[in-house]
Amino acid sequence: MAAQIWGSEKRARRRREISAKIAQMPELHDSKPLPFMTREEKIMESARKLTILTEKMGQIIDPTDPAELYHLNNEVLGLEGNPMALHGVMFIPALSAQASDEQQAKWLPRALRREIIGTYAQTELGHGTNLQNLETTATYDLATQEFVLHTPQITALKWWPGNLGKSSNYAVVVAHMIIKAKNYGPHPFMVQLRDEKTHEPLPGITIGDIGPKMAYNIVDNGFLGFNKYRIPRTNLLMRHTKVEADGTYIKPPHAKINYSAMVHVRAYMLTGQAIMLASALNIATRYSSVRRQGQIDKSQPEVKVLEYQTQQHRLFPSIARAYAFQFAGAETVKLYEHVLKEMKSGNVSLMADLHALTSGLKSVVTYQTGEGIEQARMACGGHGYSMASYISEIYGVAIGGCTYEGENMVMLLQLARYLVKSAALVKSGQSSKLGPLVAYLGVKSEPTSLIDRIPNSGFTEYVKTFQHVSKRQTLKAADMFFGLMEKGEKREIAWNKCSVELNRASRLHTRLFIVEAFVRRVNEIADIRIKEALTDLLHLHVNYELLDIASYALEDGFLSASQLDYIRDQVYLYLGKIRPNAVSLLDSWEFSDIELRSVLGRRDGNVYENLFKWAKSSPLNKTDVLSSVTQYLKPMMEKARL
Ligand SMILES: CC/C=C\C/C=C\C/C=C\C/C=C\C/C=C\C/C=C\CCCCC(=O)SCCNC(=O)CCNC(=O)[C@H](O)C(C)(C)COP(=O)(O)OP(=O)(O)OC[C@H]1O[C@@H](n2cnc3c(N)ncnc32)[C@H](O)[C@@H]1OP(=O)(O)O
Ligand SMILES: Cc1cc2nc3c(=O)[nH]c(=O)nc-3n(C[C@H](O)[C@H](O)[C@H](O)COP(=O)(O)OP(=O)(O)OC[C@H]3O[C@@H](n4cnc5c(N)ncnc54)[C@H](O)[C@@H]3O)c2cc1C
């Protein structure tokens, strides 16, 4: 199963080898539990481990393999980020995709050797979503052949970029490029922020940390202002766009090609979310098979809480989602790598499809991951609320994904643009022009669903039902939009009035893609036992998901009330079938105790003893009487007694 999750036997084996090596290297372990550290201590601890990794990485992993790097990162540095998180996640990808060969030769080897630390500085205090209204300017000075970076007012301060505040000395900065008074829109520039020897901010740069956040507190998200700060013309990233010495602008082959670093993260973050969901579920499911509370049959001893159907219903559909996200994420990464290769050689025809797909997936996956992790926390009762479970930290980190790399509603609306264009093709009889991901929009469906009507139909009737509801909602939302425009509404006003319906269409389309990716994967599996276990999980997935969106299929009679009862019964049936495999389905992800950082989710199940040990190690317990008591509470009580 680990081979299915991680992509191959070799990958699964390598993960095990890497975890085993890390287990033997105490210098790479947390020196104490992260929840007991202050933010400064955590940052220090992370930087300490990062420097050891820089020295010893080659002994543990193949540093050129992103999957091995990612695993090493999760084990040693953990989910809460590190002082170089954005360096690997966005700075290097931005240089790789947007810098010319000559620029790459100059900067990439230095970045890869970690001679310099970089980040991606785009969002500002006043604008994150609406990139066209960013306010930082890069004005070309023809006389000196330099761009002058400037922050015209407080809302133009860069705000949020990870590791910008304290760790990075370089950044890819996105600014509006102005040449001879003409604004060419946001473009990426390579900018040195700090002196390479002293790490002091360079003159003309104001920089700092934006303060503590809901999670990710090891990352120094920062602010940045420029006061007429000059950089050479050749620091504009020029793989696709060029500005010549005389100010001539050569436009890129696609208007949004400079957005590729964002698409990179949107594509890669899906499996990251799957891992976080599976981690939280692993903790909750292991704990649920240790925790005994109450009886189902009063004549029997107390049961493990995992025996309760409500507990299974809380956890198991999310186990199915974690697998589904991992499989859909793996497909998306492959597609992204393919499109990137094509883009580099000038073919930009697949960018719109990839953008639509990743926008929808990013939104649905992060939202459902958040839901699943929060349910996992609640499924652990009181101990889930303790930082000893570590689930709240996983939640805080995962939920950040709903916002970063494009706020979820906004990204769903991006997919909706693509769906509406596709609906227009269907309506104008041009269904043959539909891309493969939306081809179903042009296919006539049966009048009613055949779920429970055709024996041994596998998952086909389920997929058809998802296709039916997605198609119907897309066409309905598009009709609403076109109808408003026909009545004379301006395009943008009409769009806003339909946006809730449009986003519903985007979610349904994305959920269909996730179901199909799961079906595709299960169909490929040769090993009978693995196929059986995953088929059970897929049964739970399709029935649970369909029940969740049933109103869309009920309202036009595509599903009947009796079919709905059948679907509900299937959910209960598969909860029971999955129960014996539940812990194994999560143990198969092979997270080590070091990586999980959870007292509740320990592999050995020795929860109570270790919870007590953990509590005793709290800094508050170093002394029996705290100074808050001697200084305030004790005098108060004494005064009251007089
Ligand atoms: C070793 C491991 C390897 C890799 C790991 C990778 C990932 C990590 C995975 C997990 C993380 C783990 C650890 C990380 C630790 C810490 C990291 C934490 C956080 C990550 C960093 C977060 C960084 C950021 O948030 S950066 C800032 C992101 N900002 C945004 O996303 C802004 C959102 N806004 C937009 O994208 C745009 O403004 C917009 C799309 C909404 C609108 O743009 P614009 O105004 O320019 O558009 P319009 O003029 O209206 O035109 C719209 C048309 O353009 C088309 N379009 C838009 N975008 C694209 C695109 N990218 N490609 C193609 N086409 C695009 C759109 O479709 C419209 O077309 P139409 O034809 O007109 O409809
Ligand atoms: C943990 C974290 C890490 C980050 N790292 C980085 C980084 O490294 N580099 C970087 O540059 N940025 C980074 N960001 C910033 C992040 O990319 C932005 O916060 C994000 O893109 C959302 O933009 P915003 O803050 O402007 O939200 P807003 O756009 O202000 O969103 C507020 C509300 O308005 C709604 N809204 C906005 N526009 C529309 C619209 N057109 N239609 C409908 N609704 C709309 C949204 O849906 C939302 O409900 C990070 C953010 C976080 C939380």
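Any Cβ shown, glycine's included, is placed from N, Cα and C.
A coil conformation is recorded for E405 (active site, proton acceptor) in the three-state DSSP classification, outside any helix or strand. What TrEMBL records for E405 is active site, proton acceptor.
Among the features that TrEMBL reports, FAD binding site is placed at T123, G162. Under the three-state DSSP scheme, G162 (FAD binding site) falls in the coil class. Long-range C-beta contacts of G162 (FAD binding site), restricted to its own chain and to partners at least six residues apart, with a cutoff below 8 Å, comprise G81, A85, L86, V89, M90, T119, Y120, Y216, V219, D220, N221.
The average pLDDT computed over the domain 'Acyl-coenzyme A oxidase N-terminal' (1-117) stands at 97. Under the heading domain 'Acyl-coenzyme A oxidase N-terminal', TrEMBL lists 1-117.
Annotation source TrEMBL lists domain 'Acyl-CoA oxidase C-alpha1' at 259-420.
Residues or ranges marked as domain 'Acyl-CoA oxidase C-terminal' by TrEMBL: 460-638.
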Spatial separation of T123 (FAD binding site) from E405 (active site, proton acceptor) - C-alpha basis, Å: 10
Helix, strand and coil residues within the domain 'Acyl-coenzyme A oxidase N-terminal' (1-117) as assigned by DSSP: 86 helix, 0 strand, 31 coil
Cβ neighbours of E405 (active site, proton acceptor) where a neighbour is any other Cβ within 10 Å: 24
